[in-house]
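Have a look at the structure below before the remarks.
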Amino acid sequence: YSGQREVVAEEMGHKVYGELMRYSQDLKAERKHHLQEGRKTQQYLDQCWKHMDNSKKKFERECKEAEKSQLIYERLDSDINATKSEVEKAKSQLYLRQHMAEESKNEYAAQLQNFNSEQWKHFNVAIPQIFKNLQDMDERRTVKLGEMYRSFAEVERRVIPIISKCLEGMVTAAKNVDERRVSAKMLLKCSRAPTLEDLSHLPPEQRRKKLQQRIDELNKELQKEMDQRDALNKMKDVYEKNPQMGDPGSLQPKISETICNMEKLRSEIHKNESWLAEVEGKHGSRSERRSSADVNHHAPHGRESPEGSYTDDHSQEHRSPPQPDPHEFDDEFDDDDPLPAIGHCKALYSFDGSNEGTLVMKENEVLYVIEEDKGDGWTRVRKQGGEEGYIPTSYVEITLEKNSKGAVTYI
């Protein structure tokens with residue numbers, strides 16, 4: 001069940017959350033662009049208004065100057081003491097001011113007309129277009145959200161059948177709980193206090209290899225610490241014989257630290273060796289069962305049915321033991337004979353078998369059971385083609401045969 005929730009989380013992360021984050025960044029950039037266009041449009045309109053206002057003020061100034069020149073000319077023209085040159089000068093100044101006022105008037109009219117035109121474009125073309133772009137962007141955002149909701153719903157819909165099977169299995173397992181057996185297992189677990197540190201979550205063969213690899217690495221580290229301790233002791237002896245070379249007491253803290261590290265490593269090695277002995281003990285019991293199965297290895301062929309069941313052949317009970325084969329040691333280095341099937345199982349779900357020692361399994365595939373779950377959540381099986389490995393017990397429906405441990409069917 002948690003695996004399917006992880007599938008949903010991964011799909012949400014890649015197809016929904018990641019896509020929305022990228023799309024959100026694009027929308028932010030697009031929205032920023034549209035708002036910048038709006039600011040540019042407003043700034044251009046403000047600039048047009050300033051030009052119009054400046055031309056208006058210039059026109060007012062020129063009109064005042066023209067009126068002032070008019071008064072001066074009229075005063076000199078009516079003054080009998082004024083010379084003709086003064087009157088002509090005032091008259092030419094009046095014409096100049098009137099001409100400049102007329103030019104300022106034309107410029108102001110042009111700027112006013114241009115501002116009115118740009119103002120109309122601003123409020124009837126530019127700003128509506130910017131708002132339309134923002135509205136289109138928001139509509140596309142809404143459509144994208146709808147697509148993401150559909151994607152999320154599709155992810156949920158794909159895992160619902162598997163989740164339903166998981167929940168049905170959980171209900172069935174809950175109904176079949178044996179309180180006494182569970183209590184005994186809990187007491188055993190509390191006494192052993194297993195953790196993931198002992199690699200108990202791995203299949204037996206892979207667990208054995210990992211533990212052996214860890215022990216080898218710890219031994220190497222221990223050897224390094226021992227070498228360092230010996231070197232420090234030698235250096236200490238040299239300092240004691242030749243005090244001028246150094247203080248022997250300065251090396252004692254380092255020597256004590258090295259000895260402490262050695263004790264920790266020895267403790268770790270002892271702990272891992274005990275776990276390894278436990279795993280190898282289980283392998284030993286499997287080997288014994290394999291040897292006992294070899295006693296019946298000379299039974300007639302065809303005893304094992306395609307489903308992994310067996311039929312009793314009472315005619316074999318009075319047969320004499322098989323005679324020694326003079327060539328029985330010729331195959332001394334050959335692989336052991338395969339374990340006999342004690343039942344069969346049907347895959348409820350697919351399993352990729354990516355870890356060492358595990359087996360790839362397809363949904364509804366039928367496999368031979370050759371070793372029951374020892375409490376670690378793994379069952380050893382064999383395919384029709386002879387390939388063996390471990391699969392999660394919770395992924396299959398197992399049926400054990402009568403001659404193994406009673407006809408038991410469980411999930």
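Cβ atoms here come from the backbone N, Cα and C positions, even for glycine.
Looking at 208-242, 348-382, the range annotated in TrEMBL as coiled coil turns out to be 208-242. In the predicted model, the domain 'SH3' (340-401) has a mean pLDDT of 90.
Across the range of the domain 'SH3' (340-401), the DSSP-based residue counts are 3 helix, 29 strand, 30 coil.
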